[in-house]
Structures are given as structure tokens and as C-alpha cells.
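Structure first, commentary second.
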Amino acid sequence: MKKFPEGFLWGVATASYQIEGSPLADGAGMSIWHTFSHTPGNVKNGDTGDVACDHYNRWKEDIEIIEKIGAKAYRFSISWPRILPEGTGKVNQKGLDFYNRIIDTLLEKNITPFITIYHWDLPFSLQLKGGWANRDIADWFAEYSRVLFENFGDRVKHWITLNEPWVVAIVGHLYGVHAPGMKDIYVAFHTVHNLLRAHAKSVKVFRETVKDGKIGIVFNNGYFEPASEREEDIRAARFMHQFNNYPLFLNPIYRGEYPDLVLEFAREYLPRNYEDDMEEIKQEIDFVGLNYYSGHMVKYDPNSPARVSFVERNLPKTAMGWEIVPEGIYWILKGVKEEYNPQEVYITENGAAFDDVVSEGGKVHDQNRIDYLRAHIEQVWRAIQDGVPLKGYFVWSLLDNFEWAEGYSKRFGIVYVDYNTQKRIIKDSGYWYSNVIKNNGLTD
């Protein structure tokens, strides 16, 4: 039996644009994901978040499912344009009402809310002013954060400033695969810097407004292994770790400087006097959230812009084509403790997409997802034994949902959503996870 510590928080996670639908209802403004998904060619099959899981209308049923599974915590995000349709200025009371109902219902059921302030749905009106590339966004984000802290901070004590800022900056502004769909390396690295400035200002406002809460930030992580013991391959893996994983942001937050290999590559793309902001960026945070899905083998490649390329391995993969490397979650957890020693750590997302089908009996037998989750939770347990101050684990995701540029083609839920009828079916993995929570650990 692999028992977890007393009070360990087992949770499920979602994000606003991925599940809510009704993006313009009740006075909400447009987000960049609304405009991006409505532009032909950006999202597979022309899918949009117009309906998604219709959580905007079915939130009560969805919270009942969380309760049925027995999750102790629910991580969800707030849609910025629901609260501030123009991004700043006038507050939309109906947006506040929607999230107030969710928060109050969770608390009635003894489910701890974890709120993500920004999970990628920037108000479109702010994108028209340059979005994350505009230095002023740090103040816009602080203003938005203040509205949330003042309205919800009396009841919500766990806050996340940003979800996966690397994805916001790089996938949205360098690869152009996510909103706002830009491909400009200067804009991308100015965005990295402005995300850090915005995060720091939000933390500062939090300290003034929410006296007894905790605030942190969430990063995407892959486990990068070198293809050989050659020095240049090891360096390639180190670069990818610094650039793709938590160090890109935690090094500034804890040490006031970007990681060495990132600076070597990107110094010319950062704002000219970026150092002047570093003191302000060094705000103490209460926890670090880590998302983990996959591992990658990398090698030195003189022909690639960053001198790195991926080496495909003969490993099992998920429906996303991501290699399944459970021990990677252990090494990421160990790494963050050794490199930055945060007070508390959470796994804020871990999960997998598979091609789920509903059986004739109306069940979803997703043994592959159970195997994936079990293997990763075992490694998480191992990290706790080795002294990582891990306080909770969140499965991505509660529901099948809008998987960004992949649209509805990829299912990550432990609950199946039939998008034609909006019927929810708890998958075998949902029942399995419910048992893990009940036992506070793995029995087999």
C-alpha cells in the first residue's frame, strides 16, 4: 500500500474557455481564444469554445460529479473577459455572480477551490492594445487580480497567477499555434518578461488584499533526457529544461535572473533594460504548481535555431503522440526541490488523452488511462518519500473538453462528454481515481 500524507489534496482540474461555452453570455467580452478559434484554419475541424461542455449552464451537475468522485479540491480558472469585458475598467457583475455560485457550492460540499487567475483567455480588447507584448499589461493584470481578490478572497484561499506562461509566450507568440497566433521571437520573449512582471504585481496585490491565503504559479514541464553522454547532447537537454520547464520563470522569481543557457540564446530578444525589473519580479510565492504529461529525448542539432532536436523513441504514446515517461514526474519534482526548494509543491495537472469509446453498456473502459495515472501517482509517491514537500495532485481533466488547437478531437477527461447531448459518463478511470482518493493512496 502506498499511503499519502494525512490531508493530501486529491483534486481535478479544468479551465474556463475549455469547458464553459457561452463565451459572450451575460455581458462577457470576447477573448483572444474566441476570435482565434473563429478564424478558419486555426483549430482542427473548425471547432470553437462556443458550447464546449456547456459548463456555464451545467456547473451544478459538474460539481455534483466532483463530489461523487470524492475529490477534495477543484482547480478551475476565471475568464478575464467575463469579469472585465474590456479587460480593465467596468466590472461585469453577472460574471462575478457565476463564479460566486461555483465557489459557494464547492465550499458547501467541502471541496477546496483553487483558482487560476489566467488560463489563456485574454480579453480581445487588450490584445488590440498589444496584449502580453505591451508593458502596461502588468498593471492591467494587477487590476484584474484585485477585482478577484476583493470579490472572492474572503472564501478562496488558494490562488494561481498564471497557467503555463511558457505556452502563452512561446506557443502563442513564437509558434503561432495558440492565440493570438503570432510568430515573432522578439514578441515572444517580451511576453515572457511581461508575464513575470504581471505575476509579481498580482502577488503584491494579493499580499495587500488576502491576508490568510496562499498564492503560486503553474508551469508546464517535460522530462528532457540527452540522446547520448556527449557533452553537446547533455547541454541540449539542459537548455530544454531551462527554457521549457520551471527554471525559465523560477530562476527570475527566486534568484532575480534568467537561467544561463536561456540568456545565451535569448538575451537579444529580451527587453533592452530587462534587468531593471528583476528586483520587482523577485516576490516570495507560497507554492509552485507543476504540470507534467510527457518526456522527450533530445540531441544537439547544429541546424536548428536553438541547436536542439527531438529523438523519437519506441515508447508507448498517448493520443496526443506524447511519449509516456512516468519517472519524468519524479525527476521534475526532485529537480524543483533541489534547484529552488519551494515551501510547497502541487502537481496541478497530470493526465492523458486516449481515443475513448462508449461501450454498448454505456460505460467507458479506459484501462490505458488508469495505467497512465497509476504509474505517475506511484512516481509522485516516490518523490514524497524523498522529501519533496508535495501537498496535492490534480488530474487533468475532470471532463473531456476543448483541447485548444486540437479542438474536441482529444479527450483528457476522467468523465466522458457526449458533445451532441452533453451527457456525462464517469469513465472507469474516474471510478478508479475515486478509490485512490478514498484510500488516500494506491492499494495495488
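These residue numbers are counts, starting from 1, taken along the chain as shown.
Cβ coordinates come from backbone N, Cα and C, glycine included.
Record features, source Swiss-Prot:
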| type | residues | note |
| --- | --- | --- |
| ACT_SITE | E164 | active site, proton donor |
| ACT_SITE | E349 | active site, nucleophile |
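Sequence-distant neighbours of the residue listed as 'active site, nucleophile': residues of the same chain at least 6 apart with a C-beta under 8 Å from its C-beta are A13, V218, N291, Y292, Y293, F394, V395, W396, S397.
Taking a C-beta cut-off of under 8 Å and a sequence gap of six or more, the residue listed as 'active site, proton donor' has these contacts in its own chain: V218, F219, N220, N291.
In the three-state DSSP classification, E349 (active site, nucleophile) falls within a strand.
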